[in-house]
Amino acid sequence: LKCYQHGKVVTCHRDMKFCYHNIGMPFRNLKLILQGCSSSCSETENNKCCSTDRCNK
């Protein structure tokens, strides 16, 4: 996963994705921490990529 921190990211370029790191605990609500914007984003168990800052795909 390639994430690039750009300070406090609010928007990403149209062709980029918001990269989040999942620090959620089992049996609890997931907590996603915004890592930055990336043009190449791959999801894993602990990483999530979204097209918006609200993580609404």
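Just so you know, the numbers here start at 1 and follow the chain as drawn.
Note that Cβ sites are derived from N, Cα and C of the backbone, with glycine treated the same way.
There are 27 other Cβ atoms within 10 Å of the Cβ belonging to Cys19 (disulfide bond). Taken from Swiss-Prot, the feature disulfide bond applies to Cys3-Cys19 (among others), supported by similarity to another entry.
When other Cβ atoms within 10 Å of the Cβ of Cys12 (disulfide bond) are tallied across all protein chains shown, the result is 20. Reduced to three states, the DSSP call for Cys12 (disulfide bond) is coil. Among the features that Swiss-Prot reports, disulfide bond is placed at Cys12-Cys37 (among others).
As annotated by Swiss-Prot, disulfide bond applies to Cys41-Cys49 (among others). Cys41 (disulfide bond) is surrounded by 20 other CB atoms, counting those within 10 A of its CB over all protein chains shown. DSSP assigns Cys41 (disulfide bond) to coil in the three-state reduction, outside any helix or strand.
Secondary structure at Cys50 (disulfide bond), taken from DSSP and collapsed to helix, strand or coil, is strand. Here Swiss-Prot flags Cys50-Cys55 (among others) as disulfide bond, drawing on similarity to another entry.
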Subject >> Close disulfide-bonded residues near Cys41 (disulfide bond), where close means Cα within 10 Å, chosen from Cys12, Cys19, Cys50, Cys55 >> reply: Cys19, Cys50
Subject >> Spatial neighbours of Cys49 (disulfide bond), counting only the disulfide-bonded residues Cys12, Cys19, Cys37, Cys55 and Cα distances within 10 Å >> reply: Cys19, Cys37, Cys55
Original post:
What is the total of other Cβ atoms whose distance to the Cβ of Cys49 (disulfide bond) is within 10 Å?
Top reply: 20
